[in-house]
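Encoded as C-alpha coordinates, the structure appears first; notes follow it.
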Amino acid sequence: MRSPQSILAIVAFATTAIAGVVPSTEKRADDIPELDVKLTQVEGTLVKAVVTNNGDEDLNILNLNFFKDTAPVKKVSVYSQGAEVPFAGVRLRHKTSGLSPEVFTYLGPGESFEDEFDVAFTADLSQGGRIVVKAEGFASTTDTDGDTLSGVVHYKSNELEIDVDGKAAAKNFASLNQFSKRTRLTGCTGSRGSAATRAIRDSAPLAAMAAGAARNGGRAFTQYFKTNDQQVRNLVAARFDAVAREASSTTSGRTTYYCDDPYGICSPNVLAYALPSRNIISNCPAYYSLSHLTWRCHGQDRVTTSIHEFTHTPGVFSPGTDDLAYGHQAATSLSTWEALNNADSFSLFANAVYLGC
(Lines of atoms letter the chains of each structure in order from A and count residues from 1; the text may use other names and numbers.)
(Lines give C-alpha, C1' and ligand atoms only; values in the text may rest on other atoms or scores of the structure.)
Protein backbone atom coordinates (compact mmCIF):
# COMPACT_ATOMS: atom_id res chain seq x y z
CA MET A 1 0.00 0.00 0.00
CA ARG A 2 1.16 3.55 -0.67
CA SER A 3 1.81 6.06 2.07
CA PRO A 4 -0.53 9.08 2.43
CA GLN A 5 2.35 11.35 1.40
CA SER A 6 2.93 9.51 -1.88
CA ILE A 7 -0.79 9.52 -2.63
CA LEU A 8 -0.97 13.29 -2.16
CA ALA A 9 2.04 13.77 -4.42
CA ILE A 10 0.49 11.72 -7.18
CA VAL A 11 -2.87 13.52 -6.88
CA ALA A 12 -1.14 16.90 -7.08
CA PHE A 13 0.84 15.78 -10.12
CA ALA A 14 -2.26 14.43 -11.84
CA THR A 15 -4.30 17.57 -11.22
CA THR A 16 -1.51 19.81 -12.49
CA ALA A 17 -0.77 17.67 -15.52
CA ILE A 18 -4.38 17.33 -16.64
CA ALA A 19 -4.89 21.07 -16.22
CA GLY A 20 -1.84 21.63 -18.40
CA VAL A 21 -3.19 19.61 -21.29
CA VAL A 22 -5.35 21.87 -23.43
CA PRO A 23 -8.43 20.12 -24.91
CA SER A 24 -8.23 19.84 -28.66
CA THR A 25 -10.27 22.34 -30.65
CA GLU A 26 -9.71 20.45 -33.89
CA LYS A 27 -12.99 19.83 -35.71
CA ARG A 28 -14.23 16.25 -35.89
CA ALA A 29 -14.52 14.48 -39.20
CA ASP A 30 -17.40 15.83 -41.27
CA ASP A 31 -18.78 12.35 -41.85
CA ILE A 32 -19.55 11.82 -38.13
CA PRO A 33 -23.20 12.84 -37.65
CA GLU A 34 -24.17 14.63 -34.47
CA LEU A 35 -26.87 13.75 -31.97
CA ASP A 36 -28.82 16.59 -30.42
CA VAL A 37 -29.93 16.07 -26.81
CA LYS A 38 -32.76 18.21 -25.47
CA LEU A 39 -33.00 18.20 -21.67
CA THR A 40 -36.16 19.31 -19.87
CA GLN A 41 -37.33 19.12 -16.27
CA VAL A 42 -40.22 16.74 -15.63
CA GLU A 43 -40.64 17.23 -11.88
CA GLY A 44 -38.16 17.85 -9.09
CA THR A 45 -34.87 16.28 -10.13
CA LEU A 46 -36.52 14.03 -12.73
CA VAL A 47 -35.20 14.93 -16.19
CA LYS A 48 -36.29 13.95 -19.69
CA ALA A 49 -33.80 13.67 -22.53
CA VAL A 50 -34.92 13.67 -26.16
CA VAL A 51 -32.12 12.37 -28.39
CA THR A 52 -32.42 13.31 -32.07
CA ASN A 53 -30.38 12.23 -35.08
CA ASN A 54 -29.47 15.52 -36.74
CA GLY A 55 -27.43 13.87 -39.47
CA ASP A 56 -28.42 12.49 -42.85
CA GLU A 57 -27.41 8.88 -42.12
CA ASP A 58 -29.14 6.05 -40.29
CA LEU A 59 -27.69 5.33 -36.86
CA ASN A 60 -27.78 2.22 -34.69
CA ILE A 61 -26.87 3.63 -31.28
CA LEU A 62 -25.63 1.64 -28.29
CA ASN A 63 -27.66 2.46 -25.19
CA LEU A 64 -25.16 1.04 -22.69
CA ASN A 65 -23.51 3.89 -20.76
CA PHE A 66 -25.85 6.22 -22.62
CA PHE A 67 -29.45 7.36 -22.53
CA LYS A 68 -31.95 4.48 -22.14
CA ASP A 69 -29.49 2.46 -20.05
CA THR A 70 -31.41 1.29 -16.96
CA ALA A 71 -28.25 1.04 -14.83
CA PRO A 72 -27.20 4.07 -12.72
CA VAL A 73 -24.64 5.28 -15.28
CA LYS A 74 -23.49 8.82 -15.97
CA LYS A 75 -25.84 10.33 -18.54
CA VAL A 76 -25.32 14.00 -17.66
CA SER A 77 -22.93 16.23 -15.77
CA VAL A 78 -24.37 18.16 -12.84
CA TYR A 79 -22.94 21.48 -11.67
CA SER A 80 -23.56 23.42 -8.47
CA GLN A 81 -22.06 26.88 -7.90
CA GLY A 82 -19.81 26.42 -10.91
CA ALA A 83 -18.27 23.11 -9.80
CA GLU A 84 -19.20 19.66 -11.05
CA VAL A 85 -20.97 17.52 -8.45
CA PRO A 86 -19.08 14.21 -8.12
CA PHE A 87 -20.74 11.31 -9.93
CA ALA A 88 -21.68 8.52 -7.50
CA GLY A 89 -23.11 5.92 -9.88
CA VAL A 90 -21.45 3.06 -11.76
CA ARG A 91 -19.09 2.92 -14.72
CA LEU A 92 -19.61 -0.12 -16.92
CA ARG A 93 -17.29 -1.93 -19.27
CA HIS A 94 -19.40 -3.62 -21.90
CA LYS A 95 -18.67 -5.91 -24.80
CA THR A 96 -17.52 -4.39 -28.07
CA SER A 97 -18.67 -7.40 -30.09
CA GLY A 98 -21.34 -10.05 -29.71
CA LEU A 99 -23.77 -7.43 -28.43
CA SER A 100 -27.48 -8.23 -28.19
CA PRO A 101 -29.92 -6.39 -30.51
CA GLU A 102 -31.95 -5.04 -27.59
CA VAL A 103 -29.11 -2.76 -26.41
CA PHE A 104 -29.27 -0.72 -29.63
CA THR A 105 -31.73 1.96 -30.74
CA TYR A 106 -32.17 2.65 -34.44
CA LEU A 107 -32.59 6.29 -35.44
CA GLY A 108 -33.15 7.43 -38.98
CA PRO A 109 -32.40 11.04 -39.94
CA GLY A 110 -34.61 13.35 -37.88
CA GLU A 111 -35.87 10.55 -35.62
CA SER A 112 -35.71 10.68 -31.82
CA PHE A 113 -35.98 8.59 -28.68
CA GLU A 114 -36.68 9.65 -25.09
CA ASP A 115 -35.33 8.73 -21.69
CA GLU A 116 -36.28 9.85 -18.18
CA PHE A 117 -33.96 9.64 -15.17
CA ASP A 118 -33.43 11.23 -11.77
CA VAL A 119 -30.19 13.20 -11.55
CA ALA A 120 -30.33 13.04 -7.73
CA PHE A 121 -29.96 9.26 -7.84
CA THR A 122 -26.28 9.43 -8.87
CA ALA A 123 -25.24 12.81 -7.44
CA ASP A 124 -25.48 14.12 -3.88
CA LEU A 125 -27.75 17.16 -4.19
CA SER A 126 -28.74 17.28 -0.53
CA GLN A 127 -27.46 20.86 -0.23
CA GLY A 128 -30.25 21.97 -2.53
CA GLY A 129 -30.24 25.19 -4.52
CA ARG A 130 -29.81 25.79 -8.23
CA ILE A 131 -27.98 23.26 -10.37
CA VAL A 132 -27.05 23.14 -14.05
CA VAL A 133 -27.41 19.88 -15.97
CA LYS A 134 -25.82 19.22 -19.35
CA ALA A 135 -24.48 16.36 -21.45
CA GLU A 136 -21.74 16.03 -24.03
CA GLY A 137 -19.70 13.09 -25.25
CA PHE A 138 -19.58 10.22 -27.70
CA ALA A 139 -22.05 7.39 -28.24
CA SER A 140 -20.98 4.12 -29.82
CA THR A 141 -22.68 2.89 -32.99
CA THR A 142 -22.71 -0.18 -35.21
CA ASP A 143 -23.92 -1.07 -38.68
CA THR A 144 -27.69 -1.48 -38.87
CA ASP A 145 -27.53 -5.28 -38.69
CA GLY A 146 -24.26 -5.55 -36.77
CA ASP A 147 -23.40 -6.70 -33.25
CA THR A 148 -19.89 -5.19 -33.20
CA LEU A 149 -19.15 -1.54 -32.45
CA SER A 150 -17.91 0.16 -35.59
CA GLY A 151 -18.26 3.90 -35.08
CA VAL A 152 -18.85 6.79 -32.76
CA VAL A 153 -21.12 9.83 -32.84
CA HIS A 154 -20.75 13.08 -30.94
CA TYR A 155 -23.68 14.30 -28.85
CA LYS A 156 -24.35 17.55 -27.03
CA SER A 157 -27.24 18.97 -25.01
CA ASN A 158 -28.61 22.29 -23.89
CA GLU A 159 -27.93 23.52 -20.36
CA LEU A 160 -30.86 22.88 -18.01
CA GLU A 161 -31.22 24.83 -14.76
CA ILE A 162 -33.13 23.24 -11.87
CA ASP A 163 -33.91 24.53 -8.37
CA VAL A 164 -33.40 21.51 -6.12
CA ASP A 165 -35.23 20.62 -2.91
CA GLY A 166 -32.30 19.27 -0.88
CA LYS A 167 -34.35 17.03 1.43
CA ALA A 168 -36.16 15.33 -1.44
CA ALA A 169 -32.93 14.90 -3.39
CA ALA A 170 -31.21 13.35 -0.37
CA LYS A 171 -33.83 10.58 -0.21
CA ASN A 172 -33.22 9.64 -3.84
CA PHE A 173 -29.45 9.65 -3.39
CA ALA A 174 -29.67 7.48 -0.26
CA SER A 175 -31.32 4.68 -2.24
CA LEU A 176 -28.07 4.19 -4.18
CA ASN A 177 -25.78 4.90 -1.25
CA GLN A 178 -26.26 1.57 0.55
CA PHE A 179 -22.81 0.06 0.19
CA SER A 180 -20.54 -1.12 2.98
CA LYS A 181 -16.79 -1.58 3.16
CA ARG A 182 -15.62 -5.16 2.92
CA THR A 183 -12.40 -7.09 2.41
CA ARG A 184 -10.16 -6.56 -0.59
CA LEU A 185 -11.29 -9.58 -2.66
CA THR A 186 -14.84 -10.80 -2.01
CA GLY A 187 -17.15 -13.57 -3.19
CA CYS A 188 -14.31 -15.25 -5.05
CA THR A 189 -14.59 -19.02 -4.88
CA GLY A 190 -14.37 -21.89 -7.34
CA SER A 191 -13.35 -21.46 -10.96
CA ARG A 192 -14.52 -17.85 -11.12
CA GLY A 193 -12.50 -16.96 -8.07
CA SER A 194 -9.41 -18.55 -9.58
CA ALA A 195 -9.95 -16.77 -12.91
CA ALA A 196 -10.47 -13.37 -11.27
CA THR A 197 -7.51 -13.75 -8.92
CA ARG A 198 -5.23 -14.74 -11.79
CA ALA A 199 -6.44 -11.81 -13.92
CA ILE A 200 -5.89 -9.30 -11.11
CA ARG A 201 -2.40 -10.61 -10.42
CA ASP A 202 -1.46 -10.56 -14.11
CA SER A 203 -2.79 -7.01 -14.37
CA ALA A 204 0.19 -5.90 -12.27
CA PRO A 205 3.02 -6.86 -14.67
CA LEU A 206 1.03 -5.77 -17.72
CA ALA A 207 0.29 -2.37 -16.15
CA ALA A 208 3.98 -2.04 -15.24
CA MET A 209 4.93 -2.91 -18.83
CA ALA A 210 2.47 -0.31 -20.11
CA ALA A 211 3.92 2.28 -17.71
CA GLY A 212 7.39 1.70 -19.13
CA ALA A 213 6.10 1.96 -22.69
CA ALA A 214 4.28 5.18 -21.84
CA ARG A 215 7.44 6.76 -20.44
CA ASN A 216 9.29 5.88 -23.62
CA GLY A 217 6.51 7.13 -25.88
CA GLY A 218 6.34 6.13 -29.52
CA ARG A 219 3.83 5.15 -32.18
CA ALA A 220 1.32 3.30 -29.99
CA PHE A 221 1.34 6.04 -27.37
CA THR A 222 0.74 8.73 -29.97
CA GLN A 223 -2.03 6.64 -31.52
CA TYR A 224 -4.02 6.52 -28.27
CA PHE A 225 -3.01 9.77 -26.55
CA LYS A 226 -2.43 12.02 -29.60
CA THR A 227 0.87 13.41 -28.39
CA ASN A 228 4.38 12.32 -27.44
CA ASP A 229 4.72 15.10 -24.88
CA GLN A 230 6.80 14.07 -21.85
CA GLN A 231 4.34 15.49 -19.32
CA VAL A 232 1.50 13.45 -20.79
CA ARG A 233 3.68 10.34 -20.98
CA ASN A 234 4.57 10.71 -17.30
CA LEU A 235 0.92 11.14 -16.34
CA VAL A 236 -0.16 8.02 -18.22
CA ALA A 237 2.76 6.09 -16.73
CA ALA A 238 1.87 7.25 -13.21
CA ARG A 239 -1.68 5.89 -13.56
CA PHE A 240 -0.38 2.55 -14.86
CA ASP A 241 2.15 2.41 -12.00
CA ALA A 242 -0.68 2.94 -9.51
CA VAL A 243 -2.72 0.16 -11.14
CA ALA A 244 0.29 -2.17 -10.96
CA ARG A 245 0.70 -1.48 -7.24
CA GLU A 246 -2.99 -2.01 -6.53
CA ALA A 247 -3.19 -5.25 -8.53
CA SER A 248 -0.07 -6.72 -6.92
CA SER A 249 -2.03 -7.85 -3.85
CA THR A 250 -5.44 -9.45 -3.40
CA THR A 251 -5.40 -9.09 0.39
CA SER A 252 -4.73 -5.37 0.80
CA GLY A 253 -5.25 -2.19 -1.16
CA ARG A 254 -7.66 0.64 -1.77
CA THR A 255 -10.33 -1.16 -3.79
CA THR A 256 -12.86 -3.84 -2.94
CA TYR A 257 -13.07 -6.33 -5.80
CA TYR A 258 -16.09 -8.61 -6.16
CA CYS A 259 -16.00 -11.71 -8.34
CA ASP A 260 -19.77 -11.52 -8.75
CA ASP A 261 -22.51 -8.88 -8.96
CA PRO A 262 -23.77 -8.07 -5.43
CA TYR A 263 -25.76 -5.02 -6.58
CA GLY A 264 -27.68 -6.42 -9.54
CA ILE A 265 -26.06 -4.12 -12.11
CA CYS A 266 -24.85 -6.73 -14.61
CA SER A 267 -26.55 -7.66 -17.87
CA PRO A 268 -25.47 -10.17 -20.56
CA ASN A 269 -23.64 -7.39 -22.43
CA VAL A 270 -21.72 -5.96 -19.45
CA LEU A 271 -18.30 -7.37 -18.53
CA ALA A 272 -17.63 -5.53 -15.26
CA TYR A 273 -18.36 -2.27 -13.50
CA ALA A 274 -16.84 0.12 -11.00
CA LEU A 275 -18.49 2.21 -8.32
CA PRO A 276 -15.83 4.94 -8.05
CA SER A 277 -17.39 6.70 -5.05
CA ARG A 278 -16.79 3.52 -3.02
CA ASN A 279 -13.70 2.23 -4.86
CA ILE A 280 -15.65 -0.94 -5.63
CA ILE A 281 -15.15 -3.16 -8.70
CA SER A 282 -17.46 -6.05 -9.61
CA ASN A 283 -17.12 -8.64 -12.34
CA CYS A 284 -20.14 -9.77 -14.33
CA PRO A 285 -20.81 -13.30 -15.65
CA ALA A 286 -19.74 -12.17 -19.14
CA TYR A 287 -16.27 -11.37 -17.76
CA TYR A 288 -15.62 -15.08 -17.36
CA SER A 289 -16.44 -15.80 -21.00
CA LEU A 290 -13.44 -13.71 -22.05
CA SER A 291 -10.01 -15.21 -22.57
CA HIS A 292 -7.42 -14.52 -19.89
CA LEU A 293 -5.27 -12.54 -22.35
CA THR A 294 -6.30 -12.08 -25.95
CA TRP A 295 -3.94 -12.50 -28.90
CA ARG A 296 -6.04 -10.09 -30.97
CA CYS A 297 -5.09 -6.44 -31.30
CA HIS A 298 -7.84 -4.17 -29.92
CA GLY A 299 -9.54 -7.22 -28.36
CA GLN A 300 -11.03 -7.61 -24.89
CA ASP A 301 -9.90 -10.03 -22.19
CA ARG A 302 -10.06 -10.47 -18.43
CA VAL A 303 -6.70 -8.85 -17.64
CA THR A 304 -7.23 -5.63 -19.60
CA THR A 305 -10.84 -5.45 -18.37
CA SER A 306 -9.51 -5.46 -14.80
CA ILE A 307 -7.02 -2.73 -15.75
CA HIS A 308 -9.90 -0.76 -17.29
CA GLU A 309 -11.86 -0.94 -14.02
CA PHE A 310 -8.86 -0.10 -11.82
CA THR A 311 -8.38 3.15 -13.75
CA HIS A 312 -11.93 4.20 -12.80
CA THR A 313 -11.30 4.11 -9.06
CA PRO A 314 -9.89 7.29 -7.49
CA GLY A 315 -8.48 5.27 -4.61
CA VAL A 316 -6.02 3.79 -7.08
CA PHE A 317 -5.23 7.05 -8.89
CA SER A 318 -7.13 10.31 -8.63
CA PRO A 319 -9.04 11.51 -10.50
CA GLY A 320 -10.50 8.26 -11.78
CA THR A 321 -11.18 7.88 -15.49
CA ASP A 322 -14.51 8.28 -17.24
CA ASP A 323 -16.05 6.24 -20.09
CA LEU A 324 -15.92 8.60 -23.05
CA ALA A 325 -15.39 6.11 -25.88
CA TYR A 326 -15.25 2.33 -26.34
CA GLY A 327 -13.19 0.30 -28.76
CA HIS A 328 -10.21 1.13 -30.95
CA GLN A 329 -11.95 3.35 -33.50
CA ALA A 330 -13.77 5.45 -30.94
CA ALA A 331 -10.85 5.69 -28.51
CA THR A 332 -8.40 6.81 -31.18
CA SER A 333 -10.77 9.62 -32.21
CA LEU A 334 -10.38 11.33 -28.83
CA SER A 335 -8.19 14.34 -28.10
CA THR A 336 -5.30 14.08 -25.64
CA TRP A 337 -7.35 15.52 -22.79
CA GLU A 338 -10.24 13.15 -23.52
CA ALA A 339 -7.97 10.11 -23.78
CA LEU A 340 -6.40 10.89 -20.41
CA ASN A 341 -9.89 10.64 -18.93
CA ASN A 342 -11.02 7.55 -20.85
CA ALA A 343 -10.63 4.09 -19.28
CA ASP A 344 -10.64 2.21 -22.59
CA SER A 345 -7.70 4.29 -23.86
CA PHE A 346 -5.62 2.78 -21.05
CA SER A 347 -6.80 -0.81 -21.49
CA LEU A 348 -6.37 -0.65 -25.27
CA PHE A 349 -2.89 0.85 -24.92
CA ALA A 350 -1.95 -1.98 -22.55
CA ASN A 351 -3.22 -4.47 -25.13
CA ALA A 352 -1.17 -2.74 -27.84
CA VAL A 353 1.98 -2.84 -25.70
CA TYR A 354 1.52 -6.52 -24.88
CA LEU A 355 0.95 -7.60 -28.49
CA GLY A 356 3.08 -5.00 -30.26
CA CYS A 357 0.08 -3.69 -32.18
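In case you wondered, yes, glycine gets a Cβ from its N, Cα and C as well.
What you are looking at is a predicted structure, and each value in this text was computed from that prediction instead of being measured.
According to Swiss-Prot:
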type     : residues         : note
SIGNAL   : 1-19             : signal peptide
DISULFID : C188-C259        : disulfide bond
DISULFID : C266-C284        : disulfide bond
DISULFID : C297-C357        : disulfide bond
BINDING  : H308, H312, D323 : Zn(2+) binding site
ACT_SITE : E309             : active site
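Put plainly, the disulfide-bonded residues C188, C266, C284, C297, C357 were compared by Cβ crowding within 10 Å, and the winner is C284. Checking each of the recorded positions H308, E309, H312, D323 against C188 (disulfide bond) by C-alpha distance, the shortest gap belongs to E309.
Summarising the environment of the residue listed as 'active site', the number of other Cβ atoms within 10 Å of its Cβ, over all protein chains shown, is 32. Surrounding the centroid of the Cβ atoms of H308, H312, D323, where the record places Zn(2+), the chain contributes additional residues within 8 Å, namely R91, L92, R93, A274, E309, T311, T321, D322, N342, A343, D344, S347. Long-range Cβ proximity for H308 (Zn(2+) binding site), meaning a same-chain Cβ under 8 A and a gap of 6 or more residues, is found for R93, A272, A343, D344, F346, S347. Ranking the recorded positions C259, H312, D323 by C-beta neighbours within 10 Å puts H312 at the top.
DSSP classifies C284 (disulfide bond) as coil under the three-state reduction.
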